[in-house]
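Written below as structure tokens is the structure these notes are about.
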Amino acid sequence: MTAPGFVEFPDSPFHLYQPYPPAGDQPGAIDALTEGVSDGLMFQTLLGVTGSGKTYTMANMIARLGRPALVLAPNKTLAAQLYAEMREFFPRNAVEYFVSYYDYYQPEAYVPTRDLFIEKDSSINEHIEQMRLSATKSLLERRDTVIVGTVSCIYGIGNPGDYHAMVLILRTGDRISRREVLARLVAMQYTRNDADFTRGVFRVRCETIDIFPAESPELALRLTLFDDEIESLELFDPLTGRVRQKLPRFTVYPGSHYVTPRETVLRAIETIKEELRERLAQLIADGKLVEAQRLEQRTRFDLEMLQELGFCKGIENYSRHLSGAAPGEPPPTLIDYLPADALMFIDESHVTIGQLGGMYRGDRSRKETLVQYGFRLPSALDNRPLRLEEFEARMRQCVFVSATPAAYEQEHADNVVEQVVRPTGLVDPIVEVRPAHTQVDDLLGEIHKRAALQERVLVTTLTKRMAEDLTDFLSEHGVRVRYLHSDIDTVERVEIIRDLRLGVFDVLVGINLLREGLDIPEVSLVAILDADKEGFLRSERSLIQTIGRAARNLNGRAILYADRITDSMRRAIDETERRRAKQIQHNTDHGITARGVSKAVRELIDGVVAPAGHDALESAVPAEVLTDEKAMAREIRRLEKLMMDHARNLEFEQAAAARDALNALKSRLLLDGVGWSG
């Protein structure tokens, strides 16, 4: 086997880290898809089974073709997983993350039946906002960029032309006055704060201006002027003040995607006034005097804010005026920042394509009510996500990636490439059908067998009530079980999955487990209760996806509890058998012995999901601490303080990671018999 290392391709700016050479169906899939892109095919499908290394195939394609890429995932959890993997494959290149930056979002809405107006309320995740700004900066600055995102990328952000026009390029030796630098920074939506130096802030001390770029995770810029000339540019650590690097040139990007040049704002104010006059005349003619008065009051306040500050609360509702677009034209989105020759990958496309089509309709109905009752001008309807046909018109050369492609992919794909044989030699699980009338007792017996072997079990039911009852029943019979449902947020869901992998409990019960993008090599049994109840949760696609959750384990098995075999079951079983036969044949022909997947329980993404606290003695505690009693005591105190600090700052994921490291260290103390008193 070839040693791990970096691989470069001719005319490609990417440095691909290959932990292992492509194997199984990967080499053929990479060649076929790369050739398809080179031949100009617009749409291709990678039909890749669970655990076949689809992300690795994508990374190899990107590196070979040497083009910027956008990878879309159906949810934040999967996007974080893909982002972590892409960072491993491209540690020397720009791998960026673009998802919704709202931790909490209550959109502006009006309920006519109760005469209730709900103000927009939101909580923005600072870290994700920084990553979004970093993503657009990378797209504008460099070719070796991979962006991992969700459907958030079809929502309007600032016009790329305006955004690019507002950048501040600084070079040593350039003549520029202090007043001009400060005015430019304010126009770019940076705020002056000489006391609290954080992202999107600048501070001034005589001829020195410190700027903390909005897209920078940790370094700030120090600009020193002498007699209206830039004397030096230095990157420094805002925490310690230590200079890291002297620079001949630096580009400061705007503090927000919605930044707009002054002349554009002034032009927009005039067109907003014109639209307001027309709309007021229409409302008054219709006898809607309350609505007219409400609209005039709200819009005039926004116009005053735009005149004085250049922005206002809810500025996105005036995006059509600011971008100069015609009524009905789609808003600028992340897709507009992509170069024309970029690649697109739509992961789990059978889910993601449906999301792309559904976003527009829900947004439209809410906004129409706001416009009808005088809360917004009609132009607010153009601040919206793209419609599916608009997204299609902006798509670059695209690869749909799914184990179960839906009708859309089948209609559009010019080329379908199968990736069925796994690099590890693992084969699809054995599928059994057992009677439904004894399903709970039979399942209990199977769980005890798996738990004895330190293996995990996934159980999928049809209803929330049944999942709760089953969880109670299993718990009463001594099974360590948890229940995963839609009310659990993203972070807690990741923690539950992590605890399952670590053996904190043995059985996870859920209703629609397949949508979680579960990647759990420890799961050796998937049990599907009431598999013969035809419908969305028991369709062919759902069954194949759920069966695939056991495909990463050497002893993988799926049990379908049913009293009859439905058409969906038959097709799912036949497809699994077809893949299994192909995999076994490949292993036989090449003398491959299947080996299980051992995958570290790792952090997904800083600031999105907790850094791994498990295996914490290796990851969070220096090795020398483990051999020194005093150092261990100091480390425990440090971790306790860190945990409390994170909790005070409401950073619960990091607090949980510190707690895990603390527990691991205390366990080591107990095991080694070292006494310690706090």
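Cβ atoms are placed via backbone N, Cα and C, with glycine included.
Since we're looking at a predicted model, the values are computed, not measured.
Annotation comment: Swiss-Prot describes Gly48, Val49, Thr50, Gly51, Ser52, Gly53, Lys54, Thr55 as ATP binding site, evidence class sequence analysis.
Summarising the annotation, Swiss-Prot assigns domain 'Helicase ATP-binding' to 35-422 and lists sequence analysis as the type of evidence.
Positions annotated as domain 'Helicase C-terminal' by Swiss-Prot: 439-605.
Per Swiss-Prot, the feature domain 'UVR' maps to 633-668; the stated evidence is sequence analysis.
For 101-124, the entry in Swiss-Prot reads motif 'Beta-hairpin'. Sequence-distant neighbours of the motif 'Beta-hairpin' (101-124) (same chain, 6+ residues past either end, Cβ-Cβ under 8 Å): 132, 313-314, 366, 369-370, 373, 375-376.
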Handout entry: Assigned element (helix, strand, coil) containing Ser52 (ATP binding site), judged by DSSP
Key = coil
Practice task
Compute the centroid of the Cβ atoms of Gly48, Val49, Thr50, Gly51, Ser52, Gly53, Lys54, Thr55, then list the same-chain residues not in that set whose Cβ lies within 8 Å of it, in sequence order, for the ATP site.
Solution key: Thr57, Ala403, Gln419, Arg422
Exercise for the section: Kindly state the mean pLDDT of the domain 'UVR' (633-668) in the predicted structure. Expected result: 80
